[in-house]
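**Student:** TrEMBL feature annotations, pasted as is:
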type: ACT_SITE; residues: LYS196; note: active site, schiff-base intermediate with substrate
type: ACT_SITE; residues: LYS249; note: active site, schiff-base intermediate with substrate
type: BINDING; residues: CYS121, CYS123, CYS131; note: Zn(2+) binding site
type: BINDING; residues: ARG206, ARG218; note: 5-aminolevulinate 1 binding site
type: BINDING; residues: GLU234; note: Mg(2+) binding site
type: BINDING; residues: SER275, TYR314; note: 5-aminolevulinate 2 binding site
Amino acid sequence: MKELHMDRHRRLRSSSNMRALVRETKLTVDDLIYPLFIVEGENIKNEVPSMPNVFQISLDYLTEEIEELTRLGIKSVLLFGIPKLKDPTGTGAYDDAGIVQLAIKHIKEIAPDMLVIADTCLCEYTDHGHCGVIHNNDVDNDASLPLHVKTAVAQAKAGADIIAPSNMMDGFVGAIRRGLDDAGYSHIPIMSYAVKYASSFYGPFRDAADSTPQFGDRKTYQMDPANRIEAIREATSDVNEGADFLIVKPALSYLDIVRDVKNQFNLPLVAYNVSGEYALVKAAAQNGWVDEEALVLEKLTSMKRAGADLIITYFAKDVAKWL
Ligand code: PBG
C-alpha cells in the first residue's frame with residue numbers, strides 16, 4: 001500500500017524566529033506617510049471627534065509635531081490645509097500666503113529632510129466643498145484644471161517635495177505636469193490619486209478637513225466602488241500623463257484594486273488607509289472589542305502584501321512606536 005504523503009507546512013511555523021525567517025511581507029517605518037491637518041489661526045489644537053488622537057493644528061504647533069515625527073523615524077508627511085475663509089474658487093489653495101504654503105515653508109525651515117507631500121485639491125478651500133469650480137450644479141472639469149495647476153505650482157514654490165493631486169478631474173496629472181515644468185519644477189514628482197473611489201470611508205476626514213460638499217456628492221468625479229476595470233483606465237491615463245507614484249484609495253476594501261494596479265504598472269504604489277478605516281478601528285478599540293496593535297499591524301501588512309509599497313495612514317505614529 002502507498003504510504004500517506006502529508007505536506008508539513010507547520011515545520012516553517014514552529015517558532016517566532018522561524019516565522020520571521022520565512023516572512024514574505026515586512027512593514028517598516030519607511031513605508032509610512034503621515035497626514036497633517038493645518039488650520040489657519042493661532043494656538044489651535046483640536047482633536048477631530050471622529051478620529052481620536054488626530055488633531056487640526058495651527059502653525060505654532062507644527063514645530064513640536066515635526067519634532068515628534070522625526071523622533072519616531074517618520075520621514076514623510078502629507079499636508080491638508082483648513083483656511084479661515086472659503087470662496088467659490090478656492091483662492092486659499094493657490095495663494096502664496098495660503099495655509100499649506102506657509103506650513104510647507106515652516107517644515108522645510110525646521111526639518112529640511114522631512115519629505116513634504118502636498119495634497120492638491122480645492123475642496124477644503126471652496127465654500128461649496130467641491131474639488132473644483134461649479135457650473136450648472138456640477139464641477140466644471142476644464143475650468144477647474146488651471147486652478148489645480150496654480151495650486152500645485154504654489155506648493156512647489158513653497159518647497160513641497162512631492163505634489164499629490166486628489167481632485168479626480170480628467171487630465172489633472174498632465175495639466176499639473178506641464179504647469180510644474182513650465183514654472184521650473186520639472187524635478188518635482190507627482191504622486192497621483194490615480195484610483196480614488198467615491199467612498200463612504202471619507203466621512204471622518206471631511207470633519208477633519210472641513211470639506212463636506214454643501215450640495216450633492218462627488219460621484220461625478222470620483223469612481224464608482226463597484227468598478228474594477230475602470231481603475232486600470234484611470235491609472236493608465238495618469239501614467240501616460242506623467243505620474244511618478246500611483247495612489248489607490250481607500251485601501252482596505254480595495255485590496256483587489258491595489259493588486260491589479262501593482263500587476264499592471266511599475267511605479268511605486270501607495271495605499272491610502274483612509275479616515276473611516278481609522279475611525280472603525282479606534283471605536284472598536286475604545287470599547288475593548290479588538291486588540292488595536294495586532295489589528296492595525298495586520299491591516300497594514302495586508303496592504304503591503306496586496307502590493308502597496310507605501311501607506312498613507314493616521315496610524316503612522318502608533319505603528320512607529322510598535323515596530
Ligand atoms: C480631498 C481628499 C479627501 C481625502 C483625501 N483628499 C476627501 C474627499 O475626497 O472627500 C480623504 C482622506 C481620508 O478619508 O482619510 N479631495
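Placed from the backbone N, Cα and C atoms, the Cβ positions cover glycine too.
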**Student:** By CA distance, which of the recorded positions (CYS121, CYS131, LYS249, SER275) lies nearest to ARG218 (5-aminolevulinate 1 binding site)?
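**Tutor:** Closest by Cα: CYS131.
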**Student:** Rounded to an integer, what is the Cα-Cα distance in Å between CYS131 (Zn(2+) binding site) and ARG206 (5-aminolevulinate 1 binding site)?
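**Tutor:** It is 12 Å, counting Cα to Cα.
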**Student:** Please check the recorded positions CYS123, CYS131, GLU234, LYS249, TYR314 against ligand 1 and give me the ones with CB under 6 A, sequence order.
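**Tutor:** Near the molecule: CYS123, CYS131.
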**Student:** Please report the distance from the Cα of GLU234 (Mg(2+) binding site) to the Cα of CYS121 (Zn(2+) binding site), rounded to the nearest angstrom.
**Tutor:** 18
**Student:** Cβ distance under 8 Å to CYS121 (Zn(2+) binding site), same chain, sequence separation 6 or more: which residues?
**Tutor:** ALA93, CYS131, HIS148, THR151, PRO165, SER166, ASN167
**Student:** Which secondary structure state does DSSP assign to CYS123 (Zn(2+) binding site), in the simple three-class scheme?
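**Tutor:** Reduced to three states, the DSSP call for CYS123 (Zn(2+) binding site) is coil.
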**Student:** Restricting to the chain of SER275 (5-aminolevulinate 2 binding site) and a gap of 6 or more, list residues whose Cβ falls under 8 Å of its Cβ, or answer none.
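**Tutor:** Sequence-distant Cβ neighbours: SER50, MET51, PHE201, TYR202, GLY203, PRO204, PHE205, ALA208, TYR314.
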**Student:** If I take the alpha carbons of ARG206 (5-aminolevulinate 1 binding site) and CYS123 (Zn(2+) binding site), what is the distance between them in whole Å?
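**Tutor:** Just about 9 Å between their Cα atoms.
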